[in-house]
Amino acid sequence: MATSSSVVVLAVLATVAALVSPAMSLPVFTGDVGVSPGFHAASCPQLDGIGCDASILLNTTSARETALLPNLTIRSRAMQLIESIRARVHATCGSVVSCADITLLATRDSIIVSGGPWFSVPQGNLDSLAPASQKNVSDLTSPTMASMAALVESFRTRGLGDVADLVALSGAHTIGRSHCDSFADRYRRADDTFSRKLAANCRKHPDRLQNLDVVTPDLFDNGYYKALRFKQGVRTSDMALVKNKTTAAIVKRFAQSKHAFFGQFARSMEKLARAPKLAGNVGEIRRFSCFRTNAQRADALDAADEEEEGFAASA
């Protein structure tokens, strides 16, 4: 039976691309000096095993169930999974591992579970002390981006200057699903056979999620690129990859060779994880929630205490 990995893995990947609300105070991956794949070898030797075991959680819901869920619920599900992993890691090792590290490891291992490549994950990143900026919460490849220049610039500002990074990381859509609203600009143009089919599907089932890889939607492989070669890209940003001479050549290479795609995807993910931030590796290890800073948690507890004292005083 098909699983929800294709939906929830992309939602976990979204934490790398920072797709959730800035109010959630998403952990920031700093990728600066001091981080290394073996950073927690002494303080939490069980970490890799916990991350691998927890990635199985991403395969617990049937595709039939998730097909009826809105994107917000999927993201909430992914956030709950990250919270579950954090609780398990901190219960085993204490509060020595950041949510940033946990999210990176869960992302890597969930990709592997879905059939994708292994890649090195730098550890020792700290979680941000403030809510992520709007720039950080935007998708690396906004669904409506039609300009290759805009796509390239979006990646360049995140330390991904090689156009192969853009094409390879777009390949995360090989296990993705998306709501009709996110690619409405594509199907409303109805300028090719596939977009007209998308339009018909969305009119008939507006709440159903659309596979972003129509070849092998439940496997992390190169099916996404094979679909692009037949102009079966769901998002406008997907189609932009085959309309540009340079990126189209890379799409062709990845469509012909899963090995070539996997190799570049692993390199690009490592580069993304290691991209330095202007402020450096400054932050904290979030002890209570991956989506609240420790100060926010303390403020919430203080407010709750004051409310209880108020009730007691009025009793």
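Positions of Cβ are set from backbone N, Cα and C atoms, glycine also.
Curation does not apply to TrEMBL; its annotations are automatic.
If you check TrEMBL, you get these features:
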type     : residues                       : note
BINDING  : Gly51, Asp53, Ser55, Glu65     : Ca(2+) 1 binding site
BINDING  : His173                         : heme b binding site
BINDING  : Thr174, Asp213, Thr216, Asp221 : Ca(2+) 2 binding site
DISULFID : Cys99-Cys290                   : disulfide bond
DISULFID : Cys180-Cys202                  : disulfide bond
DOMAIN   : 51-287                         : domain 'Plant heme peroxidase family profile'
SIGNAL   : 1-25                           : signal peptide
How many whole Å apart are the CA atoms of Cys180 (disulfide bond) and Asp213 (Ca(2+) 2 binding site)?
14
Quick check for the class: what is the C-alpha distance, in angstrom and rounded, between Cys290 (disulfide bond) and Gly51 (Ca(2+) 1 binding site)?
15
State which of the following disulfide-bonded residues has the fewest other Cβ atoms within 10 Å around its Cβ: Cys202, Cys290.
Cys202
Just to verify a number: CA distance, Thr174 (Ca(2+) 2 binding site) to Gly51 (Ca(2+) 1 binding site), in angstrom, no decimals.
22
For a quick check of understanding: among the binding-site residues Thr174, Thr216, which residue's Cβ has the most other Cβ atoms within 10 Å?
Thr174
Among Gly51, Cys99, His173, Cys202, these being the recorded positions, pick the one whose CA is nearest to that of Asp221 (Ca(2+) 2 binding site).
His173
Which residues, sitting 6 or more apart from Gly51 (Ca(2+) 1 binding site) on the same chain, put a CB under 8 Å from its CB?
Ile85, Ile102, Leu105, Ala106, Arg108, Asp109
Across all protein chains in the structure, which of the binding-site residues Asp213, Asp221 has the highest Cβ count within 10 Å?
Asp213
Nearest of the recorded positions (Cys99, Cys202, Asp213, Thr216) to His173 (heme b binding site), judged by Cα-Cα distance:
Asp213
Can you tell me which of the recorded positions Cys99, Asp213, Thr216 is spatially closest to Cys202 (disulfide bond)? Compare CA atoms only.
Asp213
Please determine which of the disulfide-bonded residues listed here (Cys99, Cys180) has the lowest count of neighbouring CB atoms within 10 Å.
Cys180
Mind giving me a neighbour count for His173 (heme b binding site)? Other Cβ atoms within 10 Å of its Cβ, every protein chain shown.
27
